[in-house]
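For reference, the structure is listed below as structure tokens.
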Amino acid sequence: MEKHIVVIPGDGIGKEITTAAVKVLKKIDEIYHIGLTFEYQYAGGTAYDKFGTPLPENTIEAAKKASAVLFGAVGGTQWDSVEPALRPEKAVLGLRKALGLYVNLRPVKVQKELCEYSPLKPEIVTGSDILIVRELIGGIYFGDKCESEIHNGVERAWDLENYSVPEVERITRFAMEAARKRKNKVTSVDKSNVLATSRLWRRTVTKIAAQNPDILVDNLYVDNCAMQLAIRPTQFDVIVTGNLFGDILSDEAAVLGGSIGMMPSASIGELTSLYEPIHGSAPDIAGKGIANPLATILSSAMLLRYSLEEESAACAVEKAVDAALEEGWRTPDLYKDGFKKADTNTMTEVVLQYIK
Ligand SMILES: NC(=O)c1ccc[n+]([C@@H]2O[C@H](COP(=O)([O-])OP(=O)(O)OC[C@H]3O[C@@H](n4cnc5c(N)ncnc54)[C@H](O)[C@@H]3O)[C@@H](O)[C@H]2O)c1
Ligand SMILES: CC(C)[C@H](C(=O)O)[C@@H](O)C(=O)O
Ligand SMILES: [Mg+2]
């Protein structure tokens, strides 16, 4: 049966990194005969320049029909002055909402070869293996907002956060199931000492925890969690949190392994799912051919695992990435003396060679 992948390169390094991941998927298809087909769609600033909108209807329709979506990244300084509703980032948010991608899985596993690149000492970071389960279509990202109004004679702006019990219940249940396949521990992260939404979050998590007595559940305030990630990352198994906290904590956790260019993600929905690196369009290195493609290649492994249920193929991609690192290949974000320097293309070719 045909498995149709909609590829959305986006902006900046998006084209370079999705090209790399598609090469990997094509090689996998030659070996595993999955029957992959590919279709390209526009989103982000590139779509805005071409069609006047960052998220064309065609892109949404194609994504809805796809077996899975592979997404690069969007955004760039050239679109900073575009009106907020048409900013490139609206494409990511719009797609997440349109596809109902309520769970964002951001695994942080520090490869042993990369421990020495971590900003943390090897003895602190070694053994870190965290799954961040981020709620993706609620919270302050999607609440009412006001870009500008005059209040008591001064200009102000506001964003409202709201979470409903069913929204928290479904993400918490997902986190429990994920923990059951790992080390049976869930840390829920909130700011319930200050925020009403966080108090509802914590009450709801506590209720779901009582229904899952085999899972050890604890709670942390987000400020403490940010600190704990830096001082004892190995204490975490699954972290479940809201949209904004998950965004921030996942960038922090990503550098445990030395570079944000290594961290994949899966955004899971009921219709289809979307796979993208957690980093952005990296305008500072776009077009230079030096972006680390591994986060996107590892996102394609998650696509094989979660959307296509091709576990062996997913493992083959992950093993090939490990092998490339073990052999000493490094893109500039991770390069040090004594290693083999690879640009985006070279790193991709090396990974392709190791796919079995
Ligand atoms: N999902 C997305 O599309 C997404 C995610 C995050 C940020 N953004 C957007 O991307 C643009 C740039 O944002 P930013 O600079 O804050 O974050 P960024 O993640 O794009 O870049 C942060 C730093 O990490 C480096 N980096 C990122 N990915 C890399 C890779 N694969 N290889 C090597 N180095 C890499 C960049 O060069 C930069 O120095 C903004 O417009 C932002 O809104 C988009
Ligand atoms: C680009 C932006 C809308 C997005 C987010 O904030 O969710 C990004 O930072 C991410 O982490 O995927
Ligand atoms: Mg982010």
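Every residue, even glycine, has its Cβ placed from backbone N, Cα and C.
Lifted from TrEMBL, the feature list:
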- 76-89, 280-292: NAD(+) binding site (BINDING)
- Arg96, Arg106, Arg134, Asp223: substrate binding site (BINDING)
- Asp223, Asp247, Asp251: Mg(2+) binding site (BINDING)
- 4-351: domain 'Isopropylmalate dehydrogenase-like' (DOMAIN)
- Tyr141: site 'Important for catalysis' (SITE)
- Lys191: site 'Important for catalysis' (SITE)
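Residue environment of Asp251 (Mg(2+) binding site) contains 15 other Cβ atoms, counted within 10 Å of its Cβ in all protein chains. Classification of Arg134 (substrate binding site) by DSSP places it within a strand. In the three-state DSSP classification, Asp80 (NAD(+) binding site) falls within coil.
Looking only at Cα atoms, Arg96 (substrate binding site) sits nearest to Tyr141 among the recorded positions Pro88, Tyr141, Asp251, Ala286. Looking only at other Cβ atoms within 10 Å, the busiest spot among the binding-site residues Pro84, Pro88 turns out to be Pro88. Secondary structure at Arg106 (substrate binding site), as computed by DSSP, is strand. Under 6 Å, Cβ to nearest atom of ligand 2: this is the test, and of the binding-site residues Pro84, Arg106, Asp223, Asp247, Asp251, Ala282 it is passed by Asp247.
Counting in whole angstrom, Tyr141 (site 'Important for catalysis') lies 32 from Ile290 (NAD(+) binding site) by their C-alpha atoms.
Sorted by the number of other CB atoms within 10 A, the binding-site residues Ala282, Ala286, Ile290 start with Ala286, the lowest. Of all the binding-site residues in the list Arg106, Arg134, Asp223, Asp251, the shortest Cα-Cα distance to Ala286 (NAD(+) binding site) is found for Asp251. Per-residue pLDDT, averaged along the domain 'Isopropylmalate dehydrogenase-like' (4-351), amounts to 97 for this model. The binding residues for substrate are recorded as Arg96, Arg106, Arg134, Asp223; their greatest pairwise CA distance is 27 Å.
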